[in-house]
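Some notes on the structure that comes next.
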Amino acid sequence: MSLPNLPPGVPPLPPNVVVFGPGSNCTVDICPLQFSVYGYRPSLAANISLIALYAVAAVIHIYLGFRWKQWWFMACMLLGAANAIIGYIGRVMMHYNPFNFAAFMLQIICVTTGPVYYCAAIYITIALTINHLSPTLSRFKPKLFYYIFIPCDLFSLALQAAGGGLSTSTSGKSQTGVDLALVGLSFQVFTIVLFCAFFGDYLYRYFRSGVWKSNIAQSRMLKGSGHDGKGRLSPMTRLKLFFGFMVVAILLILARCSYRLAELHEGYRGEMIRDEGLFIGLEGVIILASVYCLMIGHPGLVFKSDVLGKSRASESDELHSQHELQPQTTK
């Protein structure tokens, strides 16, 4: 790895040491901290807190998954949480030795890949939701949401992995590795932005069409009222919470990817990669917040049999045909 721009007064490296790479033999006892890849010792308190909060999130998602029988969503969330926990364990290891290359690779791989699982959960959930509510209102076939966007995420992840592998094999000296990872991150940001555009367009068309009113009315006819006297949320409230927190979650993931793109653009010698506060806020906290948002924006809010009913797709198609001209004729 190319040495960072160091402030004056930093002592030189001792002879015969390797700072970065599989053969790294530096420790905090013999090498100045400023020569490590991050230039700091990762915060023990912050990383242990993130590990604990991800563990709590995993337990809650297990409960919600069994309660509402959303197995695919639960699996994606658990894989993402497990990745995050392993990644932050790697950062805890780096607290004790910032030059630990195995710990660096553990955290860079696991922390980086976590959002891919959350995106997969969102893509599939939105596809199923559109098919459940009113597929004819979508400009994009529901199945294409996961047939296209999940492979795109995997492709971007493969590019990032290839770039990281090239950087590793050259001990961080290869600009090609950084550029390849940049292409992967850029493509990931583009994929999420494209998904947001289609998702936003569907939400606009769905709520503008009036189909949602018919869905809610049908649900109330089945249940008798919006509440059952036991403090349960009304179908309309559940629908708004589901869509609202799903939107917040995907926007948080997009913000995180944009941050990582800017960070990597500066390379391993940049200022952003050596700013732990930015990392904790724009990687750790933001992605953790999206995981908790997906507890509220959980598919169980829509797919429970007592919320909007079952087999809504065919019914929604009929309703849409009745309301197709409504946006143009009402103001």
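Here the Cβ of each residue, glycine as well, is placed from N, Cα and C on the backbone.
Taken from TrEMBL, the feature transmembrane segment applies to 44-64 (among others). Distant neighbours of the transmembrane segment (44-64): 70, 74, 77-78, 81-82, 84-85, 88-89, 91-92, 95, 276, 280, 284, 288, 291-292, 294-295, 298, 300; these residues of the same chain sit at least 6 beyond its ends, with a Cβ under 8 Å from one of its Cβ atoms.
According to TrEMBL, the feature transmembrane segment maps to 71-89 (among others).
As annotated by TrEMBL, transmembrane segment applies to 101-124 (among others).
Taken from TrEMBL, the feature transmembrane segment applies to 144-162 (among others). Below 8 angstroms of C-beta separation, residues 109, 112-113, 116, 119-120, 123-124, 126-127, 130, 177, 180-181, 183-185, 187-188, 191, 194-195, 198 of the same chain, each at least six residues beyond the ends of the transmembrane segment (144-162), sit close to that stretch.
For the transmembrane segment (182-204), the residues of the chain that approach it from at least six positions outside its boundaries are 119, 123, 126, 130, 137-140, 145, 149, 152-153, 155-163, 243, 247, 250-251, 253-254, 257-258, 260-261, 264-265, judged by C-beta separation under 8 angstroms. Look at TrEMBL and you will find 182-204 (among others) tagged as transmembrane segment.
If you look up TrEMBL, you'll see 239-259 (among others) marked as transmembrane segment.
Taken from TrEMBL, the feature transmembrane segment applies to 279-303 (among others).
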Contacting positions for the transmembrane segment (279-303) when only residues 6+ beyond its ends and CB under 8 Å are counted: 43, 46-47, 50, 53-54, 57, 60-61, 64, 67-68, 70, 73, 77, 80-81, 84, 88, 111, 114-115, 118, 121-122, 125, 128-129, 132-133, 238-239, 241-250, 252-253, 255-256, 259-260
Close approaches to the transmembrane segment (239-259) from elsewhere in its chain (Cβ under 8 angstroms; 6 or more beyond its ends): 115, 118-119, 122, 125-126, 129, 185, 188-189, 192-193, 195-196, 199, 203, 212, 216, 233, 278, 282-283, 286-287, 289-291, 293-294, 296-299, 301-302, 307-308
Contacting positions for the transmembrane segment (101-124) when only residues 6+ beyond its ends and CB under 8 Å are counted: 20-22, 24, 37, 72-73, 76-77, 79-81, 83-84, 86-91, 93-94, 145-146, 149-150, 153-154, 157, 160-161, 164, 168, 192, 195, 246, 249-250, 253, 256-257, 260, 283, 287, 290-291, 294
Contact set, same chain, for the transmembrane segment (71-89): CB under 8 Å, 6 or more residues outside the stretch: 47-48, 50-51, 54-55, 57-58, 61-62, 64-65, 106-118, 120-121, 124-125, 284, 287-288, 291, 294, 298-299
